[in-house]
Each structure stands twice: as C-alpha cells, then as structure tokens.
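So TrEMBL has the following annotated:
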DOMAIN    147-328  domain 'Tr-type G'
BINDING   156-163, 221-225, 275-278  GTP binding site
C-alpha cells in the first residue's frame with residue numbers, strides 16, 4: 001500500500017514538472033535530469049555510442065535506424081533533449097545556461113562528444129575556452145590530433161612570475177575556478193609554499209578553443225633557481241617551445257640568460273614575455289632592448305602582460321598556438337614513451353609522468369621498461385588538469401601520467417623508455433645524468449631509525465633524481481649516506497622535504513665539493529683501476545706522495561648587477577680566487593660580468609655576500625666548467641692527538657690557517673669540559689697550524705686539609721696531577737652529537 005502511494009506521488013510530481021516544462025517551452029534536458037535521472041544517463045550513453053559510430057545526419061537529426069526500438073522509444077522532444085545532453089545544443093544560451101555551465105563543470109556535458117561541423121561550433125567565440133576539471137567521466141583524448149597539440153614550458157629567473165602566469169593560464173582555460181585563493185596552484189609541495197619558490201616542475205593539460213578548433217596545451221611550470229636547473233632541462237625534453245618570462249622592472253637576470261641558452265640549445269621556439277607591466281617602476285621598452293641585444297630576438301615578438309592582473313594574458317595562449325610547432329609524433333608507430341618525472345604513492349605505487357613520442361597507450365596494455373626489461377600492465381592513464389584526470393588512452397604527442405604497478409622505487413628511472421610488449425623499439429636518448437656540485441653526509445639522529453630513513457631517501461630520490469646516494473659510516477655518527485646535491489639550497493630543500501613528508505630527523509655534515517687526484521704510480525693505478533680518482537669524502541683524500549697533482553671543480557659564473565656596485569663585486573670575486581672572463585653592458589645602467597670560480601669558494605656563502613654588497617640587486621648563476629689544477633691540502637682536526645674523521649676537510653693551501661683556526665674556536669665553544677685538559681689542533685700532515693685548549697675542571701683536593709705540614713698538601717697536588725696525566729693518556733674524548741651538529745652547522749652557515 002505504501003509503495004503504491006509513493007509511486008502515485010512521484011507520478012504526480014513528475015506530471016507537474018512536465019507541464020511546467022512544456023508550458024514554458026524549456027529544454028527537455030531539465031525534465032530528464034530532475035524527473036528521470038536514470039533515463040538521462042541511458043540517453044547520454046546511447047548518444048555517446050552513436051557518436052562513436054557516426055550515426056548522425058549532417059543536419060544534426062538522428063540517422064535512419066540509428067537506435068532500434070528495443071533500445072529506447074524516443075519522441076522528437078526527447079531526441080532533442082538527448083542531443084542537448086550530448087553537447088550539441090548546450091551553448092544556445094537559453095534559460096538553463098547557468099545550469100548547463102555548472103553541469104559542464106561537473107562532467108554532465110562534454111563538448112568533445114559532438115561533431116565539430118555545421119554552424120554550432122563556429123557560433124562560439126574564437127577565444128572561448130572550457131574546463132575538464134573535476135569531471136567524473138574520462139576524457140576522450142582522441143579528439144586532439146597531433147596538429148592540435150602544443151607542449152611548452154615556462155622558464156624565467158627567480159620571482160619573475162612563472163607560477164603566477166601559470167595560474168592565469170589555468171583560469172583562462174577553465175582548469176580552475178577564478179578566485180582570490182589561486183596562488184601557486186601548481187606549487188603543491190609544502191616547502192614550495194613556505195619558501196615561495198618552485199622546486200619541482202609541474203605539468204597541467206589545458207583545453208582551449210581557438211578559431212573554432214579545440215587545442216590541447218600541455219604546460220610545464222619549471223623552477224627558477226640555479227640549484228634546480230636539472231628540472232628545467234628535463235622538462236624541456238618534453239616540449240617544442242618555451243615562454244621566456246622577464247620582469248619589466250628588473251629586466252634580464254643571470255638565470256634568464258642560463259635558461260635561454262638551455263632552450264636555444266634544445267632548438268625550441270622561444271616566446272619572450274615581459275611580465276609585471278603594472279608595476280610603478282616597470283620599463284618594458286628598456287627590457288625589450290635588452291632582449292634584442294642579449295638574445296637577438298626582435299622586440300616586436302615580445303608580449304607585454306601583467307600575470308597578477310591578467311592583462312593581455314589571452315594573447316600568450318594565442319601565441320603558443322601560432323608560434324610553437326606541434327610535436328613530431330605518429331600514432332601509427334609502435335609506442336615510445338619517455339619517463340621525464342615520477343612520484344611514489346604508497347597505495348598505487350610509482351606514478352610516472354610520460355611524454356609520448358610515438359604510438360598509443362591505454363589501460364590494460366602490457367608495457368616493457370627499456371632500462372629494467374620488466375613487463376608491467378597499465379592500470380591507469382590520464383592527464384593532469386591540474387589534478388589527476390583519468391582518460392581512456394594517451395596518444396602520440398601528448399603528455400600525461402601512467403600507473404603500471406611498479407612497487408619498487410628502483411623500477412622507475414627518469415629518462416627510461418616504455419614500449420609495448422613484443423613490440424621493441426629503439427630507446428629514446430633519455431637525459432644526461434645530473435652532476436652533483438656538493439656532497440654532504442647524512443645520518444639518522446637515532447640509529448634505530450636507519451631503515452625508516454633509508455626507505456624515505458629511496459622514495460624521495462625517485463621524485464628528485466638529481467640526488468646521488470652513496471652509503472657511508474662514521475664512528476661518531478654511525479651508519480649513514482653520502483649524498484650529492486646540485487647546490488646548497490637543493491640540500492636544504494631535500495632535508496626539509498624529508499622532515500615534512502616523511503617525519504625524518506637527520507644530521508647533515510659540512511658540504512664539500514668533489515675533488516680529483518691524478519695518481520703517480522702504476523701500482524696505485526692498478527689498485528684504484530683508474531689513473532684519475534674522484535674524492536667525495538675528505539677523509540679519503542690521498543696523501544701528496546701518492547699523486548702528481550690535485551684538481552678542483554670550477555664553474556663559469558654570470559653576475560648581472562647595477563653599474564654602481566661593479567667595483568665592490570669585482571673585489572669580492574678576486575678574494576674568492578676568481579678569474580674574470582668577460583664584461584658587457586646590457587644597457588646604460590646594468591652590467592654582466594663573467595668569472596671563472598673555484599666551486600669551493602662559492603658553494604657556501606658567496607651568494608649571501610653578493611646580495612649584501614649589491615643591496616639585493618645583483619643576480620648570480622653558474623654552470624659547470626670542468627676542473628683545474630690547484631694546491632689543495634687535507635686538514636685534520638685532532639683532539640688530544642686523535643684525528644676526528646668527521647671534521648676532516650680539504651682546503652686551498654692559502655686559506656688553511658684561517659679555516660683551521662675558525663674550526664678550533666668553534667670546537668672550543670662546543671665541547672664540554674672534562675676532568676682533564678683537551679687540546680684541539682688543526683694539522684696539515686705533521687704540522688700543527690692552529691690550537692685551542694679546553695681547560696680541565698679543578699677539583700679542590702686540599703679541602704680536607706685543615707692545616708698541618710705543607711708536604712701533605714704537596715703530596716695531594718702531585719697525586720692529582722699524575723692522575724690527570726694518566727687520564728689524559730687513556731681517556732677518550734667523546735664528542736657529543738649536539739657538538740658535532742653545532743660545529744658543522746656553524747661551518748656551513750659561515
């Protein structure tokens with residue numbers, strides 16, 4: 001009885017809604033979705049199937065025999081409603097336009113399903129764009145042929161507006177809603193938001209309608225700091241063009257020059273974008289002339305925008321389509337996918353970011369890794385928009401992600417080539433391995449956390465492949481690793497990510513640079529199996545008698561500064577043993593200096609000194625320039641005659657005394673006092689060059705004497721002196737971990 005009443009009530013409500021729809025002559029889609037949601041779903045699925053078969057006439061009506069009577073009995077208005085649901089008529093802008101927009105955002109409508117013919121698609125504005133963000137349905141990537149695909153990166157100096165421009169492009173294409181909270185949308189790491197810099201290159205697929213055609217724009221936002229230039233070079237391998245963003249106030253900076261030549265050497269199309277034209281002191285005409293002089297790019301090719309306000313940003317998208325070529329890829333060829341980045345998910349395993357150079361990949365395919373020769377089954381493919389959006393397939397020329405059940409972090413190698421099972425191909429060139437610029441020891445604070453820290457480092461190095469890992473051990477700090485980084489900021493960010501993402505507490509030793517030594521005898525060459533050895537741990541630095549010469553790494557540094565600070569900066573460079581190579585004025589007020597620096601002289605505190613001398617206006621960038629001969633010495637730190645390996649360092653002969661004295665002074669302030677005297681010494685071989693002494697505690701052995709013969713007091717004092725002398729010989733000076741941390745941290749902060 002209750003069921004029949006409920007059914008009757010539903011029928012009455014539906015009849016009332018139908019009468020309203022018919023009397024107001026509204027689209028039948030409203031009725032379908034409010035009264036018959038299941039019918040709407042069936043209709044939509046049928047329309048998709050028919051669209052896939054091409055069962056429509058040119059005028060948009062149903063083709064003869066398109067739907068059999070056993071599938072669904074259709075009335076003319078219901079047919080029009082289904083067609084509307086399929087996306088052909090949703091842009092008509094009638095009474096339900098607001099609802100249609102919301103439905104499109106939620107995935108109820110999908111414009112790609114409708115054929116792009118007739119006047120319906122042409123009636124839309126040429127710059128109209130839409131979003132696939134938050135869709136529940138999978139995107140059909142076959143709607144985007146190679147000719148309608150553009151892959152590009154945004155490159156620039158630090159804080160010139162790369163991430164802000166990326167946010168505006170996401171808003172314009174509808175990938176994200178336009179709100180005031182859209183700041184650094186692609187900067188997803190906590191360390192990126194805290195520091196306000198981009199650390200990881202992030203990908204986003206944008207869907208854009210231009211002149212009646214649907215385009216797929218794959219955007220890669222890259223870091224701007226020199227320590228993360230490897231991220232930039234990897235990102236450029238998946239692109240055919242770049243947006244070179246330059247601040248309209250600061251003009252060309254050091255990293256702008258470095259990034260330009262990365263793109264130029266990769267033979268990419270370069271679109272200069274002058275950002276921040278809304279600033280009070282902005283001078284875009286001056287920046288145009290700088291670009292013409294330094295990069296030889298005509299000024300009329302520059303696009304002047306304000307990413308913060310959104311001024312003229314639409315012209316950037318138009319320029320991407322017009323001036324960046326589509327990828328040279330073919331869907332008919334066997335699959336070749338390049339892994340250019342990857343992350344680890346504890347539930348789904350390795351998530352690989354791939355760029356398809358040839359072929360097609362879909363869920364269920366059997367793929368093979370060219371690096372490990374292991375076979376995997378594809379569990380999911382999709383694009384980033386900017387969050388993960390699953391798709392049915394990925395086609396040649398497109399950029400997306402792939403999950404194939406890789407559970408071990410060693411199975412996913414950056415630069416690996418994936419291909420279909422039983423369809424072997426020639427592997428793609430991949431990437432040149434990152435060359436570490438600094439090395440530092442990393443140890444767990446508590447040795448019981450060794451395995452957890454090992455797992456955390458493995459997972460994090462999967463996401464940051466530029467970190468080089470070697471196992472190491474220390475008597476004072478226990479088992480650990482020797483890690484190679486691209487710079488000091490890279491080291492700090494890696495340590496911060498370990499703490500934030502994996503709750504790992506570690507001890508980092510003083511950063512050092514990799515030196516080389518040329519062995520002198522055939523016996524040593526046979527022992528080391530090479531004539532030239534690389535030293536990443538100062539404790540393993542060979543003695544002078546075993547080598548013919550030492551080599552230290554050098555870099556070619558580029559400094560761009562206002563003219564008034566040139567003299568001070570030149571004096572700073574000379575103090576760091578730098579050799580001037582070039583000097584050029586890029587305009588009337590700014591000069592570009594090029595110096596050849598020993599890497600050890602700039603890796604710790606040079607950048608801070610440069611900013612201090614130039615009041616923050618100078619910028620600095622460097623690139624590897626090989627090795628050069630140097631007079632290097634190994635400096636040992638001794639406590640009561642015993643060498644402390646953790647504090648051994650390699651310095652230039654001219655700076656050995658000042659460095660040794662500074663370390664001894666820090667140790668004196670850090671070591672706790674003992675019952676015996678502690679001698680802290682810095683030594684070059686057998687020669688002591690600096691010394692500090694930690695005074696012993698004085699125990700009053702005469703307290704129990706209340707007079708009497710003086711010989712009794714002398715006897716007690718003599719016995720105390722003999723006891724301290726014996727204790728100093730047999731007693732080991734144990735340096736506590738907090739003292740190590742204090743000394744090493746102070747040394748790296750200097």
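Positions of Cβ are set from backbone N, Cα and C atoms, glycine also.
Predicted, not measured: the structure shown is a model, and the values here were computed from it.
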Indicate the candidate from 156, 277 with the smallest number of other Cβ atoms within 10 Å of its Cβ, considering only these binding-site residues.
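Counting other Cβ atoms within 10 Å of each of the binding-site residues 156, 277 gives the minimum at 277.
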Name the secondary structure element type, per DSSP in three states, that contains residue 225 (GTP binding site).
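In the DSSP reduction, residue 225 (GTP binding site) maps to coil.
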Which value does the mean pLDDT take for the domain 'Tr-type G' (147-328) in this predicted structure?
86
Once the DSSP letters are reduced so that anything not helix or strand counts as coil, what is residue 277 (GTP binding site)?
coil
Which has the fewest other CB atoms in a 10 Å radius around its CB: 162, 225, the listed binding-site residues?
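Result for the binding-site residues 162, 225: minimum number of other Cβ atoms within 10 Å at 225.
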Return the count of C-beta atoms lying within 10 angstroms of the C-beta of residue 159 (GTP binding site), excluding that atom itself.
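16, counting other Cβ atoms within 10 Å of residue 159 (GTP binding site).
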Report the same-chain neighbours of residue 222 (GTP binding site): residues 6+ apart in sequence with Cβ closer than 8 Å to its Cβ, ordered by sequence.
153, 154, 155, 162, 198, 201, 231, 232, 235
